[in-house]
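Data first, discussion second: the structure below is written as structure tokens.
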Amino acid sequence: MGTQEGWCLLLCLALSGAAETKPHPAEGQWRAVDVVLDCFLAKDGAHRGALASSEDRARASLVLKQVPVLDDGSLEDFTDFQGGTLAQDDPPIIFEASVDLVQIPQAEALLHADCSGKEVTCEISRYFLQMTETTVKTAAWFMANMQVSGGGPSISLVMKTPRVTKNEALWHPTLNLPLSPQGTVRTAVEFQVMTQTQSLSFLLGSSASLDCGFSMAPGLDLISVEWRLQHKGRGQLVYSWTAGQGQAVRKGATLEPAQLGMARDASLTLPGLTIQDEGTYICQITTSLYRAQQIIQLNIQASPKVRLSLANEALLPTLICDIAGYYPLDVVVTWTREELGGSPAQVSGASFSSLRQSVAGTYSISSSLTAEPGSAGATYTCQVTHISLEEPLGASTQVVPPERRTALGVIFASSLFLLALMFLGLQRRQAPTGLGLLQAERWETTSCADTQSSHLHEDRTARVSQPS
């Protein structure tokens, strides 16, 4: 078993033992511990900017000395790194890195990665400065890139060796650098750039925040912050900040300048995400001496909408399942059939339409299936599985046999006929009543007119009979 595995086993035992024997305190305390990582050292001949191949790298270990981490009581039996514990027939190159000048906020993720079932990928390479030859000869610089698997953080460190002199007793044969009495290469971390997660997924139209933080040694000045997007072989500038001035190339992109100086936070916010925002984002921080970057993958997702319809009422009806508005492209469509009292069974034979893409970039497709209702009818379900869905999305419909459809048609037609008869009968019942009211009204009008005529005749008669 390797040294790093042994250290991890001891740490895991200490964590589990502490958890069983004593309760966790209500509030944790900070404790400085040594974080030991298995790494690879890229040889000087390796191509810069790319991961070195197995032939171009050597085994190495990185010891981050006395890193403050939050202790909940589980680190009581944890011991710091001892140089003699790594003595082997073929010992790795050991880099001791002091973190007194910077902060390592994700040190806990590095410390507990193995015990959490995650892996830490660590590669160390030479870091070259654009400086005078005299300055370069007095020291050496290295960059360590560490990534925690499973969506964990990613950290890049720039390490500087002490001033190189020829009076050192121990000397590394290949690095041409002095060694400590324990046989390690001593360095100090002067600059770090990190992100909390290396990959993010957001829904179409939502707002995304891409995390990017940094820490630098006293005496260094922040020169610029640059966010770039790489997608399908094309690169473009998204946001830049230089000398206190920010410029958003992508509409709506924001970076809080106040956070740069106070919290060393260079996170980028992107509102109203579109398909064009998907890709690999590069956060590059430049100081007066160093430059480092982090890479974040942004994935855009759109959930599908499912609609199931019956295309025709033929002897063997056709079902059409429309899946619309989803992204990315990969989608799985399954059909199931369930008879009354039975269990769902997957059916085959479905066909698919050509793929359609909207102006927004989302996809749509239709799946068709010839249904076999059987003697008692059956329920068909179209089920869609997509990365944007926590669980499959489905739509169901019941298909009845032809004879039941005929019976239902007869019942429906009979119902319409009865309703029509009832409506006509109701109209006929209301018609005489209305006619009687009209006749009564006419009779009253006639009677009133006759009465008035009679009174007028009597009045005229009376006037004629009076003597002159």
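Note that Cβ sites are derived from N, Cα and C of the backbone, with glycine treated the same way.
Of the cysteines C283, C382, only one is given by Swiss-Prot as the disulfide partner of C321: C382. According to its DSSP assignment, C212 (disulfide bond) is coil.
Mean pLDDT of the predicted structure over the domain 'Ig-like C1-type' (304-394): 93. Across the structure, C321 (disulfide bond) and C212 (disulfide bond) place their CA atoms 43 angstrom apart. Within 10 Å of the C-beta atom of C321 (disulfide bond) sit 25 other C-beta atoms, taking all shown protein chains into account.
Cβ environment of C283 (disulfide bond): V193, T195, L210, C212, V225, E226, W227, A266, L268, Q293, Q294, I295, I296 lie under 8 Å away, each six or more residues apart in the same chain.
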